[in-house]
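Student: Take a look at what Swiss-Prot says about it:
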| type | residues | note |
| --- | --- | --- |
| COMPBIAS | 302-314 | compositional bias 'Basic and acidic residues' |
| COMPBIAS | 315-330 | compositional bias 'Polar residues' |
| CARBOHYD | Asn151 | N-linked glycosylation site |
| CARBOHYD | Asn167 | N-linked glycosylation site |
| REGION | 300-330 | region 'Disordered' |
| TOPO_DOM | 1-8 | topological domain 'Extracellular' |
| TOPO_DOM | 30-43 | topological domain 'Cytoplasmic' |
| TOPO_DOM | 65-79 | topological domain 'Extracellular' |
| TOPO_DOM | 101-126 | topological domain 'Cytoplasmic' |
| TOPO_DOM | 148-184 | topological domain 'Extracellular' |
| TOPO_DOM | 206-219 | topological domain 'Cytoplasmic' |
| TOPO_DOM | 241-255 | topological domain 'Extracellular' |
| TOPO_DOM | 277-330 | topological domain 'Cytoplasmic' |
| TRANSMEM | 9-29 | transmembrane segment |
| TRANSMEM | 44-64 | transmembrane segment |
| TRANSMEM | 80-100 | transmembrane segment |
| TRANSMEM | 127-147 | transmembrane segment |
| TRANSMEM | 185-205 | transmembrane segment |
| TRANSMEM | 220-240 | transmembrane segment |
| TRANSMEM | 256-276 | transmembrane segment |
Amino acid sequence: MTPDWHSSLILTAYILIFLTGLPANLLALRAFVSRVRQPQPAPVHILLLNLTLADLLLLLLLPFRIVEAASNFRWYLPKIVCALTGFGFYSSIYCSTWLLAGISIERYLGVAFPVQYKLSRRPLYGVIAALVAWIMSFGHCTIVIIVQYLNSTEQVGTENQITCYENFTQAQLDVVLPVRLELCLVLFFVPMTVTIFCYWRFVWIMLTQPHVGAQRRRRAVGLAVVTLLNFLVCFGPYNMSHLVGFHLRQSPSWRVEAVVFSSLNASLDPLLFYFSSSVVRRAFGKGLLLLRNPGSSMLGRGAEETVEGTKTDRGGSQTEGAQSSDFVTE
């Protein structure tokens, strides 16, 4: 079946997100895994690693969306595949919102209370925060999947064509729409509010401290801007569809396009990784060099780069006031 122009646009967007997001997140994954394996990793690196895993989960499920768009949003796979891919896809989105909030809290505490934070922080705190984000997203999305699985695929029209998560009876909407509203409030507006407050204070401190260099200030502003774009551009339209749907008592017609914007998060997060960690900046630099010189071996130099990156992180962090943080003021 040849996709129409609307499906073709969405198909193109999904393919571009997949092609740009997958290699960038794999590079970031390699960098964060090597960093977390070192003794006493910083909580922020644990959170960034989990954010990378959430992005990769979304990207690995994106081919199902690509196939669906190529089929004019007709679902030809088994019913359970629709339920499981939807569960994983939306869980990764909502896990990302709270992980972003956790990263913003870590950044704010690191610059507002550098000495106290350096003395009190533990890797366990990052693990606990990441687990809470995953449990909250999986738990909430499980509720939606249980409701939607009763109608995860439905016959539409007169040609026995099947769609995935698009058609619901009014009785099902009476359950689904309030749950979506709760998702929007708890897993979007609350973490976005926390993130905006933390980055507002974070950027203000970085810009008003006279001993903070211009490069660190630019990275601080870039980190805040990319995170804000994530919430407003990527997650915003999809969650606004929850509010509009609850008001109209039906899913809005533009919900499919909103889901595409939420997928864009997987391509935007690598920019956040770039501003957040010198390990990732070096990994991206090495990756660009490898693209220019295909004959060189990334794997062959992986261990050497990891050791070098770890030493640089530690040295730079100790100078700035806390291990493994690019933004801790003295």
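Yeah, the Cβs are placed from backbone N, Cα and C, and that goes for glycine too.
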Student: Could you please provide the mean pLDDT value for the topological domain 'Cytoplasmic' (101-126)?
Tutor: 90
Student: Would you say the transmembrane segment (220-240) and the transmembrane segment (80-100) are in contact under the rule of three or more C-beta pairs closer than 8 Å, pairs 6 or more apart in sequence?
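Tutor: With 3 or more qualifying Cβ pairs, these stretches touch.
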Student: Count the Cβ atoms, other than its own, that fall within 10 Å of the Cβ of Asn167 (N-linked glycosylation site), considering every protein chain shown.
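Tutor: Here the count is 14.
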Student: According to DSSP, collapsed to three classes, what secondary structure does Asn167 (N-linked glycosylation site) have?
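Tutor: DSSP call for Asn167 (N-linked glycosylation site): coil, neither helix nor strand.
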Student: Counting CB pairs under 8 Å, which listed stretch among 9-29, 44-64, 256-276 touches the transmembrane segment (220-240) the most?
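Tutor: That would be 256-276.
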Student: Counting each residue once, how many in the topological domain 'Extracellular' (65-79) are helix, strand and coil under DSSP?
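Tutor: Counting residues by DSSP class gives 7 helix, 0 strand, 8 coil.
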Student: How many helix, strand and coil residues does the topological domain 'Extracellular' (241-255) contain under DSSP?
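Tutor: So the topological domain 'Extracellular' (241-255) is made up of 9 helix, 0 strand, 6 coil.
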